[in-house]
Every structure is written in C-alpha cells, then in structure tokens.
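Q: Encoded as structure tokens, here's the structure I'll be asking about.
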C-alpha cells in the first residue's frame, strides 16, 4: 500500500527436497468453507525446482518502516499496511494485512489512543505479544477480536496510558467475515467484551472545546506538545 515493507526483507526458500519416505504427514486444506484432510508419506514442502512468482515467504515485522502523524490527528491504521490484495475499485482493498508495532506518537490536541469510530471495513484484530494499545485489559497474546463493518468500537475505559513494546496485527477487508460455529461455541469466547466501554465519560465541555478550537485557529497554543513511544 505504502511501500514501507521493503522487498529485500521478504525471504523466500531455495528449492530443496527430501528423498526419504516418512509416513504420517497430514495436509489440511480449506475450500468453499469446508476443511479437507489427506495423508501422505513425503515431505509436504518438497520443491525440486521453482518457476514464477508464487512462493512461500517469511517477513520480520520489526523491519517494517513506520510513518506517522507529526502535527495533529490520529493516523488511519492503513498507514501500517504490510501486504494488500486490491479490488478493481481504486482505494478499496479486498484484504489488507496491517501491523501495530511500537512507535512514537507526537501530536497536538490529539488523544493518542485510536478514537471512537466505525467504518466501512471489517477489522479482525489479533495480538502477538505484550498488550494492545486500545484495550489495556482482557486482550491477551493469542487472542483476537472481530469488528464487522459499521460496528462502533474504540479503546476501553482504562486505556489512557499506552503500552510499550507491543505487536498487534489486523486484517482489514471490504467483505464481511463469517464467524464459524466452532468460534461461536468456544469456551474462550469473551461474552462480556462490550462491558469494556461501560463507564466511558465525556471529558469535554462546550466552553472548553470552543475555546481551544479558537486558540488553534488563531495560532495560539498554550498546551505545549507531547510525545511518547509505544
């Protein structure tokens, strides 16, 4: 999307294969919403020769080049797109793979956490390690959340301090994902997820907000600037 994942950092294996037989490999493939299983007695990643540009690869997420806001506003997470699958409509992605790594945020008159919003894209979020900046409690490494399109969401009520050294990821799509029955019936389902927004209070008044807006428009800023590293 933004060319911030350098091609040189995507590592592709060299063609290689095993001659020996080793029964017991199980191949699982998903097709049309169903899972299919087959057994085989040879190494599933054997490659005698390689031709074309369709290949398995690995990428170190810490090598991603980050850009961010330097004045005001909270940048859209699509700025952190590592990989994208575009549609035939300009600016609309079938699927974006986005990461939320440690980074500096420096902005004036801007609440540093992601703002309360809803959008036309569906967001599947997962956490790799540490904590997620928008949900201080209850979102553990290995966990995931799904906000379908036009579903309002925001940081929880305890998120006013950012968490350091975090690594989260997000799949963002113009399509609406379907949640399988296994996930809906999982004992690990967080049925009280919505409670994280109970207790959100307004920190604005008409008088204070209008006064700050006038100061900014007139070029006067007595609040100073702030910055910190996530």
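Even glycines carry a Cβ here, placed using N, Cα and C.
Annotation source TrEMBL lists domain 'Homogentisate 1,2-dioxygenase N-terminal' at 1-61. According to TrEMBL, the domain 'Homogentisate 1,2-dioxygenase C-terminal' annotation covers 62-204. Positions annotated as active site, proton acceptor by TrEMBL: 74. What TrEMBL records for 117, 123, 153 is Fe cation binding site. According to TrEMBL, the feature homogentisate binding site maps to 132, 153.
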Q: Please name the residue among the recorded positions 74, 117, 153 whose C-beta has the most neighbouring C-beta atoms within 10 angstroms.
A: 153
Q: In whole Å, how far does the CA atom of residue 117 (Fe cation binding site) lie from that of the residue listed as 'active site, proton acceptor'?
A: 12
Q: For residue 123 (Fe cation binding site), what is the tally of other C-beta atoms lying within 10 angstroms of its C-beta?
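A: Step by step: centre on the Cβ of residue 123 (Fe cation binding site), count other Cβ atoms within 10 Å, giving 20.
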Q: List the Cα distance (Å, whole number) between the residue listed as 'active site, proton acceptor' and residue 123 (Fe cation binding site).
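A: About 17 Å separates the two Cα atoms.
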Q: Sort the residues of the domain 'Homogentisate 1,2-dioxygenase N-terminal' (1-61) into helix, strand and coil with DSSP and give the three counts.
A: 4 helix, 20 strand, 37 coil
Q: Within the domain 'Homogentisate 1,2-dioxygenase C-terminal' (62-204) only, compute the mean pLDDT.
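A: Average per-residue pLDDT within the domain 'Homogentisate 1,2-dioxygenase C-terminal' (62-204): 80.
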